[in-house]
Amino acid sequence: MIKKMEFRDLVLIVGVTVMWGSNYTVIDISLDGIDPFILTALRFTFCALPLVFFIPKPKGVSTFVTVVYGLLFGVGMCWLMNYGMFLGVSAGVTSLLLQFSAFFTVIWGVLLFGEKITAIQVAGILMALVGLMFIVHVTQGDAENFGLFLVLLGALFWSLCNVLVKSSKVVDIFSFVVWSSLYATPPLYLMTYWVKGAAPFQSLLTDVTVPVLASVLFQAYVATVFGYWVWNRMIEKYPASQVAPLSVIVPISGILTSWYVLDEPIGGEKLFALIITVLGIALFMNASRIGRHIAASALRFRS
């Protein structure tokens, strides 16, 4: 039986998905003034501080799992995403490519948990892959193509985060996000120094302007801590089949915000690629609902 979503909850979850989509434009703007690796490290620093001093460690989950999640989410997904955007992948395309994590999550479910994948889901994946090939076709150079690869790799790491949360049965999501961010922070600073040396740290005081600081705080407290708390709370309260399809709003919001704020050009070929990819993701996300409608229609036809 489908549980009707309360209007307040619907407004919350739609607001979060719209905010997540626009957050990629916020990241893109801040990357004009600060090193992408330092930006990621600062985001997770503020996710953890000062909240870790007031929030106890998450119950029912080991420190090892919390550390691994922090590394997968911070060093894996966010670090790669920011670097890909720094190499030229637009905010709109980034918001779209990260939704491929849903495909990877289903594949992990099949391989690790014996879950079934439907023909409708396969059709959605294939349609989105066709759109992805068109996106690669209309990109402007090797650096941007490598950036696309990094963002997709970030989506893969995000899917591993989903698998870890599911297998570990995390209950206290808010505490889990805060403490995993703390464990992600030192490796992010170490990787920045390993890749870039001391230069990003030496220019930190001049790079962190008021707009950059506002961007970092928005990414930390609004997009990450608040956003993931709302999302996972809704996943706990309602069937995933009701909540997950709403994530289709993320790339739509990301593309429109990037176009409106950053004047991201959307030519004919790129628009076609984006539409095909969004339709593929929407088909995939709504596979269960479409399958039920087809089965019900077939039953009525037989009777």
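Each Cβ is built from the backbone N, Cα and C atoms, and glycine gets one as well.
The domain 'EamA' annotation in TrEMBL covers 11-136 (among others).
What TrEMBL records for 146-284 (among others) is domain 'EamA'. Summarised by DSSP class, the composition of the domain 'EamA' (146-284) is 123 helix, 0 strand, 16 coil.
The annotation transmembrane segment is assigned in TrEMBL to 12-31 (among others). Counting residues 6+ beyond its ends, the transmembrane segment (12-31) has Cβ neighbours under 8 Å at 5, 39, 81-82, 85-86, 90-92, 94-95, 211-212, 215-216, 218-219, 222-223, 226-227, 230-231, 234, 243, 246-247, 249-258, 261-262 in the same chain.
Under the heading transmembrane segment, TrEMBL lists 37-55 (among others).
If you look up TrEMBL, you'll see 67-86 (among others) marked as transmembrane segment.
Tertiary proximity for the transmembrane segment (92-113) is limited to same-chain residues at least six positions away from its ends with a CB under 8 Å from its CB atoms, namely 20-21, 24, 77, 81, 84-85, 121, 125, 128, 132, 135, 148, 151-152, 154-156, 158-160, 162-163, 166-167, 244, 247-248, 250-251, 253-259, 264, 266, 274, 277-278, 281, 284-285. Marked as transmembrane segment by TrEMBL: 92-113 (among others).
Feature annotation from TrEMBL assigns transmembrane segment to 120-140 (among others). Same-chain residues lying 6+ beyond the ends of the transmembrane segment (120-140) with a Cβ under 8 Å from its Cβ atoms: 88, 93, 96-97, 100, 103, 106, 148, 267, 269-270, 272-285, 287, 290-291.
Within the chain carrying the transmembrane segment (146-165), a Cβ under 8 angstroms from the stretch's Cβ atoms is held by residues 65, 68-69, 72-73, 76-81, 83-89, 93-94, 97-105, 107-109, 112, 135-136, 139, 176, 232, all 6 or more beyond its ends. According to TrEMBL, the feature transmembrane segment maps to 146-165 (among others).
Beyond the transmembrane segment (170-190), the same-chain residues lying 6 or more positions past its ends with a Cβ under 8 Å from any Cβ of the stretch are 37, 40-41, 44-45, 47-49, 51-52, 55-61, 65-67, 69-71, 73-75, 79, 224-225, 228-229, 232-233, 236. As annotated by TrEMBL, transmembrane segment applies to 170-190 (among others).
Summarising the annotation, TrEMBL assigns transmembrane segment to 210-231 (among others).
Residues or ranges marked as transmembrane segment by TrEMBL: 243-262 (among others). Same-chain neighbours of the transmembrane segment (243-262): 13-14, 17-22, 24-25, 28-29, 90-96, 98-99, 102, 231, 234-235, 274, 277-278, 281-282, 285-286, 289, counting only residues six or more beyond its ends whose CB sits under 8 Å from a CB of the stretch.
Summarising the annotation, TrEMBL assigns transmembrane segment to 268-287 (among others).
Under 8 Å from some Cβ of the transmembrane segment (210-231) lie the Cβ atoms of residues 12-13, 16, 19-20, 23, 26-27, 29-30, 33-34, 39, 42-47, 51, 173-174, 177-178, 181, 243, all in the same chain and six or more residues away from its ends.
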